[in-house]
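Residues annotated as signal peptide in Swiss-Prot, with sequence analysis given as evidence: 1-24. Taken from Swiss-Prot, the feature domain 'WAP 1' covers 26-68, and the record attributes it to sequence analysis. Feature annotation from Swiss-Prot assigns disulfide bond to CYS44-CYS56, CYS76-CYS102, CYS85-CYS106, CYS89-CYS101, CYS95-CYS110, CYS126-CYS150, CYS133-CYS154, CYS137-CYS149, CYS143-CYS158, CYS178-CYS199, CYS182-CYS194, CYS188-CYS203 (among others); the stated evidence is sequence analysis. The feature domain 'WAP 2' is assigned by Swiss-Prot to 69-114, with sequence analysis given as support. Annotation source Swiss-Prot lists N-linked glycosylation site at ASN107, ASN217. Per Swiss-Prot, the feature domain 'WAP 3' maps to 119-162. Swiss-Prot lists 163-207 with the feature domain 'WAP 4', giving sequence analysis as the kind of evidence.
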Amino acid sequence: MMLSCLFLLKALLALGSLESWITAGEHAKEGECPPHKNPCKELCQGDELCPAEQKCCTTGCGRICRDIPKGRKRDCPRVIRKQSCLKRCITDETCPGVKKCCTLGCNKSCVVPISKQKLAEFGGECPADPLPCEELCDGDASCPQGHKCCSTGCGRTCLGDIEGGRGGDCPKVLVGLCIVGCVMDENCQAGEKCCKSGCGRFCVPPVLPPKLTMNPNWTVRSDSELEIPVP
């Protein structure tokens, strides 16, 4: 009895599968699917396998050698004012027309480049802005004579024309020469002072005030005044 039930169940299952196969065949369309136009291919596995000036880049479905963006000619303009830190471009090729992707402080934006010929009209080129922040000195000792290591608000750099001065007085000059050899004491070597000489300025040893000779009989009071005994 058990075997008869199993045989009947298998027969019913086979009949159901046959009906499903026939129904599916009625909805199937003739013909074969065309091959994929851009099958995923690994045409490179690293930059070293690509020709010069090409890089192994992903396509989203494989990798292929592609040209490296070379950028556009001409120069970026100088930063005129501080900009917000936004990146509106990555390379020159991401900018429209002839615009160039330039760094403006902490911002990257598409701007119209300038030509070196235009800068040459004013007799040379302006130095690039010290951005990002740079530490151009470690202390006053790392700066030239007459300069001081100062904060720029975005790093430190050597700046001249620092107010200062050295002790001593300038000697009396009899001959006046219109030659400027210094501007301030710090322009002179150690032990010298920048002194006027007629219509010029020279580095000369200063005249120091004479030292006060103390008499053994003199005493110094608590208020730093000398007390000299009357004979």
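Glycine is treated like the rest: Cβ placed from N, Cα and C.
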To the nearest whole angstrom, what is the C-alpha distance linking CYS178 (disulfide bond) and CYS203 (disulfide bond)?
14
Expressed to the nearest Å, what is the distance separating CYS102 (disulfide bond) and CYS149 (disulfide bond) at their Cα atoms?
30
Near CYS110 (disulfide bond), which residues of its own chain have a C-beta under 8 A away, given they sit six or more steps off in sequence?
ARG88, CYS89, THR94, CYS95, PRO96, LYS99, LYS100, CYS101, CYS102
Sequence order is fine: just name those disulfide-bonded residues in CYS137, CYS149, CYS194 with a Cα within 10 angstroms of CYS143 (disulfide bond).
CYS137, CYS149
Could you tell me which three-state DSSP class CYS102 (disulfide bond) falls into?
strand
Please compute the mean pLDDT of the model over the domain 'WAP 4' (163-207).
73
Calculate the distance in Å between the alpha carbons (Cα) of CYS199 (disulfide bond) and CYS182 (disulfide bond), and round it to a whole number.
12
Euclidean distance between Cα atoms of CYS56 (disulfide bond) and CYS194 (disulfide bond), Å:
65
